[in-house]
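Scroll down for the structure; my scribbles are underneath it.
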């Protein structure tokens with residue numbers, strides 16, 4: 001605080017800081033309280049001004065730093081003068097120490113704590129390694145989660161047993177990942193589970209410098225990760241499943257997986273933005289995922305869903321993903337198969353059992369890309385407007 005403030009200034013400054021704390025998260029991070037000089041206020045007193053540090057130009061930033069340095073020097077000078085006055089009143093002399101050095105050598109290591117390091121070859125290599133290591137962590141966590149579910153499905157084979165064991169595995173990974181139970185609070189004999197949970201590394205990576213980027217930067221930065229995940233997922237799973245090899249169907253499979261992973265990613269970010277604490281977001285996540293699985297059209301096909309619930313089928317994004325995958329892969333196959341004791345073509349089976357038609361693929365493609373855009377837009381709005389840090 002500036003030493004030129006009057007006696008009522010501390011209370012006024014506290015009120016201004018409290019007003020800043022009540023702002024939304026994004027505005028609160030960009031706002032700061034600055035005390036102007038006496039000469040600039042014009043009324044003989046220092047004025048408290050709330051400024052937006054992200055809108056300052058180069059000259060304004062330089063002036064701000066110079067004012068801060070000038071205030072610090074002035075406050076230090078006043079402190080030293082008060083100490084001197086008190087020592088003079090008590091008739092206490094300053095202690096003097098004489099130190100002499102001979103053949104003195106000083107060696108220091110410097111570290112850049114703000115801004116970018118010098119563009120040397122070693123610093124450039126370090127930056128490249130850090131970028132690839134960060135991407136590798138997210139890819140490894142995602143790939144580990146997929147491998148875990150595939151392992152459970154391969155061992156238990158039936159859908160009921162795989163779903164039960166998969167739910168227990170998700171619960172185990174979630175409880176021991178450091179979200180529900182922080183690692184310092186875990187018993188010593190249980191801390192090994194923290195390091196084998198893939199979500200632990202996701203927590204460490206996401207919590208680092210997560211809330212310092214602008215809102216839309218957080219949205220756009222997810223696109224390369226999801227794009228790489230979709231590409232790797234398509235390369236691995238498409239030949240393993242045995243789908244037909246054609247550029248048209250491979251692209252449709254890749255496009256559907258990209259949109260699916262995108263809206264799942266942005267939905268998780270949205271739930272974090274609209275809830276005050278992680279346990280609340282975890283409960284909402286379980287509810288959303290249960291509805292996504294129940295009304296996707298796989299467990300209960302669309303023709304068998306009651307009419308008063310059919311609207312829920314159309315608003316669930318997973319139903320459009322299933323429609324895109326099955327229709328693009330099998331919607332043009334006229335081969336006759338035997339299902340439920342009847343001989344039908346594959347096209348007729350998709351139309352009668354699932355309600356999928358090939359002429360609806362353009363609409364499916366449009367809806368699939370709208371879900372990520374909708375969830376990302378809601379996340380960007382909520383992270384900037386909602387603030388749960390109330391006094």
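For all residues, glycine too, the Cβ spot is worked out from N, Cα and C.
Automatic prediction, not curation, is the source of TrEMBL annotations.
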Range annotated as transmembrane segment - as stated in TrEMBL, picked from 194-212, 308-326: 308-326
Distal contacts, the transmembrane segment (360-383) - CB-CB under 8 A, six or more residues away: 25-26, 215-216, 218-219, 252, 255-256, 259-260, 262-263, 265-267, 269-270, 273-274, 317, 320-321, 323-324, 327-328, 331
Maximum Cβ pairs under 8 Å to the transmembrane segment (226-245) - stretch from the list 252-274, 280-301, 308-326: 252-274
Residues of the parent chain within Cβ reach of the transmembrane segment (252-274), under 8 Å, 6 or more residues beyond its termini: 218-219, 222-223, 226-227, 229-231, 233-234, 238, 243, 281, 284-285, 288, 317-318, 321, 324-325, 328-329, 361, 365, 368-369, 371-372, 375-376, 378-379, 382-383, 386
